Number of protein chains: 2
Amino acid sequence: MQAINIGILGLGTVGSGVIKLIKDHQKKISGITGRQLVIKRAVVHNPDKKRNVDLSGITVTTDINDLINDPDIQIVVEVMGTVEIAKDYIERLLRAGKHIITANKDLIAIHGSQLAELADKNHCDLFYEASVAGGIPILRTIVSSFAADRIIEVKGIVNGTTNYILTQMSQNNVSFNEALKSAQKLGFAEADPTNDVAGIDAAYKMIILTQFAFGMNVTLTDIKTTGIQKIELADIKQAEELGYKIKLLGIAKLIDKRISVSVGPVLIPASQPLAAVQNENNAVLVTGAAVGETMFYGPGAGELPTANSVLSDIIAVTKDIVMKTTGSRFNEFSQEGKTASKENVFYPYYISLKVKDRPGQMLKITRIMSEINASFHLIIQTELDEENARVVMTTHQVSESQLDAILNGISKLKEISVIAAYKILPGQQ
Amino acid sequence: MQAINIGILGLGTVGSGVIKLIKDHQKKISGITGRQLVIKRAVVHNPDKKRNVDLSGITVTTDINDLINDPDIQIVVEVMGTVEIAKDYIERLLRAGKHIITANKDLIAIHGSQLAELADKNHCDLFYEASVAGGIPILRTIVSSFAADRIIEVKGIVNGTTNYILTQMSQNNVSFNEALKSAQKLGFAEADPTNDVAGIDAAYKMIILTQFAFGMNVTLTDIKTTGIQKIELADIKQAEELGYKIKLLGIAKLIDKRISVSVGPVLIPASQPLAAVQNENNAVLVTGAAVGETMFYGPGAGELPTANSVLSDIIAVTKDIVMKTTGSRFNEFSQEGKTASKENVFYPYYISLKVKDRPGQMLKITRIMSEINASFHLIIQTELDEENARVVMTTHQVSESQLDAILNGISKLKEISVIAAYKILPGQQ
């Protein structure tokens with residue numbers, strides 16, 4: 001049987017997983033593709049490091065040129081991380097006619113269009129299924145199953161670390177800091193968790209999802225991103241009493257042909273499938289004009305789930321090589337897109353306030369609301385500490401600019417401060 | 001732009017949906033495929049019937065030969081239903097070199113392998129994404145995203161009618177018959193609901209899912225199928241008190257390289273995502289050795305969701321035509337498979353009994369259990385009517401043959417009868 005030789009950049013968790021899966025499922029893969037997949041070379045930073053995977057038959061080197069100049073190698077898998085070096089390597093590999101598979105979401109979110117063009121020019125495949133929601137085949141599904149539909153909205157729990165932390169806070173009644181510590185102990189959060197807990201990782205994934213679902217390019221600055229660091233347990237519990245779960249949710253939504261993308265804590269009705277996504281799992285809910293709501297759920301990371309997505313990309317490239325159809329874009333859907341303005345993005349909000357416990361406070365708040373024509377759905381007052389009350393209100397639909405005005409108005413009051421202001425997803429039916 | 005001419009068999013709900021979607025999304029589809037899709041001819045039973053769709057430009061006829069003999073037509077969509085006539089038509093169309101897309105699950109479950117071979121021989125595509133879980137792209141996802149993984153289990157809520165009825169029973173505290181009547185009024189159940197409520201429809205879908213996930217062919221007689229007609233509200237409520245939802249669940253599972261497929265009411269832990277699937281929605285949970293649990297959720301039927309799946313098949317065929325790669329099988333994964341024997345299929349069970357209310361009854365039951373080495377997890381006794389108690393027990397893991405022995409033993413007791421015996425899915429973590 002003819003072989004397809006593969007190079008690999010990086011032998012960390014995902015790289016090792018890819019090698020294991022190819023060895024374990026050689027027979028099934030050959031049955032489907034008619035080719036034998038062979039990992040021929042690996043490029044790593046430190047070739048002397050002990051690795052938890054059988055490297056027999058694989059030449060391990062530190063020089064990218066060994067891959068670029070090996071005419072036998074047709075496919076290169078990039079799982080080394082970092083943005084700029086990976087970009088440089090991939091560009092040189094594409095120019096040498098190698099097909100590329102990467103799990104590098106930062107790279108794709110920042111330089112994806114540019115790399116796709118270069119791949120085009122060199123008739124190469126460039127796939128990156130593993131870059132969003134590791135074990136969930138969401139990108140290829142959008143490409144192949146929503147081509148005839150018009151996607152209206154994509155909502156995703158796309159960061160496992162934050163979902164794990166929020167689940168632990170809710171289930172074990174612990175603070176953000178305690179939950180973060182236990183997540184770090186168990187390996188669900190990194191020593192420096194900023195990228196995850198501040199929502200940056202989720203925002204990068206939403207950039208890629210937006211590109212696939214709407215054919216539109218947005219950048220990090222187009223996305224209003226709020227992290228979970230300031231979420232208080234009391235608000236998680238209050239939301240639950242009202243029938244909601246708080247999740248870090250990415251939302252990309254068409255509003256009058258313009259796109260609105262945000263990442264932040266959102267109240268999701270407990271009856272909705274997204275609310276049931278627990279711990280480190282991910283889920284993406286796609287709303288199509290024709291098909292309605294479909295949700296794709298699974299592990300967001302991990303050695304084998306992510307390696308499995310890389311493998312499905314390798315198989316897709318291999319099929320393309322066999323059928324001589326390489327060089328078409330992973331996502332061919334592209335259209336002009338402007339971002340929606342704050343005046344046109346409407347949600348109900350959950351607003352939690354710290355209010356000095358004395359008469360007349362509620363009047364100040366209602367005055368601010370009525371000045372901008374916003375109205376409450378409900379107000380709940382509970383004790384916060386000896387001097388202060390926690391006032392939680394849920395609003396009817398207000399625009400983002402109205403919300404800004406409310407928060408701005410409250411910030412000027414001496415005895416009232418904002419603890420939280422989160423979107424509320426509308427319930428079903 | 002070059003046109004791809006399409007014929008359509010049947011202008012019912014799905015057929016009309018396909019025509020609507022093609023007209024509405026012409027531009028997007030052309031952008032992706034580089035071709036203009038044109039519905040040229042439709043074959044129907046009654047051409048004079050008024051239809052709720054714009055048929056301008058489409059020649060409507062009653063004669064299948066008009067499709068077979070039209071050399072312009074490359075793709076035929078079969079959405080007429082019925083098994084034998086559809087099979088005859090499709091065979092003649094395949095011999096004439098037409099690519100086929102069908103939503104006909106009965107046809108594919110019964111004659112799929114045979115039709116796939118005929119398609120092979122004639123270098124034609126034969127796709128049927130819409131045949132299982134209408135709006136969920138589950139078949140193509142298994143093909144493209146689990147190729148490198150080994151699927152261990154597929155579990156599905158794949159019948160919308162029964163899930164709607166069970167949801168209504170649970171939410172509105174009504175009997176099966178009342179819920180069925182309201183489902184019929186709202187169009188979620190047919191006048192003759194047998195195929196749905198007896199689990200036959202779900203079993204057909206499990207045949208197709210088993211073929212895709214395990215490459216194995218099973219038939220209706222290999223599947224132990226139980227319907228929902230005899231489910232009592234009291235057992236739904238009792239299960240909920242124990243932390244479970246009762247769903248009609250199809251399970252296809254590898255046990256020592258053999259396959260076990262069943263369809264029946266199952267107790268699912270409320271914390272699992274499958275338990276949150278409500279009303280007419282469907283969901284398929286795939287467990288891969290590498291990837292772990294992934295779930296695909298969405299509408300199981302309906303004009304536009306199903307039409308969208310048909311459209312994604314049409315686009316896949318069109319891409320194949322453009323790239324001259326038609327004729328490869330929808331699912332190329334195939335392996336020998338025997339069905340597992342009853343001795344090797346283990347589950348915990350929920351058993352609900354009607355027991356004449358007098359001393360010594362429990363002793364009889366425990367004697368039967370201990371004779372076959374089975375043990376209880378818990379026993380709950382509640383009042384059923386003036387003379388009888390309802391005894392609910394959950395067992396530890398027992399094999400299907402042990403379960404048969406338990407039920408057989410109980411059936412011989414005069415004052416005890418079995419109301420229900422349902423599998424219990426193990427909880428997570």
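Cβ atoms here come from the backbone N, Cα and C positions, even for glycine.
Heads up, TrEMBL stuff is auto-annotated, nobody curated it.
Here is what TrEMBL says about this protein:
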type	residues	note
ACT_SITE	B:K205	active site, proton donor
BINDING	B:L9, B:G10, B:L11, B:G12, B:T13, B:V14, B:G15, B:S16	NADP(+) binding site
BINDING	B:K105	NADPH binding site
BINDING	B:E190	L-homoserine binding site
DOMAIN	B:350-427	domain 'ACT'
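According to DSSP, B:T13 (NADP(+) binding site) is assigned to a helical segment.
In the structure as shown, the Cβ atom of B:G15 (NADP(+) binding site) sits within 10 Å of 25 other Cβ atoms.
Between the alpha carbons (Cα) of B:L11 (NADP(+) binding site) and the residue listed as 'NADPH binding site' lies a span of roughly 17 Å.
Of the candidate recorded positions, B:L9, B:S16, B:K205, the one lying closest to B:K105 (NADPH binding site) when CA atoms are compared is B:K205.
Annotated pair B:S16 (NADP(+) binding site) and the residue listed as 'L-homoserine binding site', C-alpha to C-alpha distance, rounded: 20 Å.
In the three-state DSSP assignment, the secondary structure recorded for the residue listed as 'active site, proton donor' is helix.
The two recorded residues, B:L9 (NADP(+) binding site) and B:K205 (active site, proton donor), have Cα atoms 22 Å apart. A straight line from the CA of B:G15 (NADP(+) binding site) to the CA of B:K205 (active site, proton donor) spans 21 Å.
According to DSSP, B:K105 (NADPH binding site) sits within a helical segment.
Its Cβ placed at the centre, B:L11 (NADP(+) binding site) has 25 other Cβ atoms within 10 Å.
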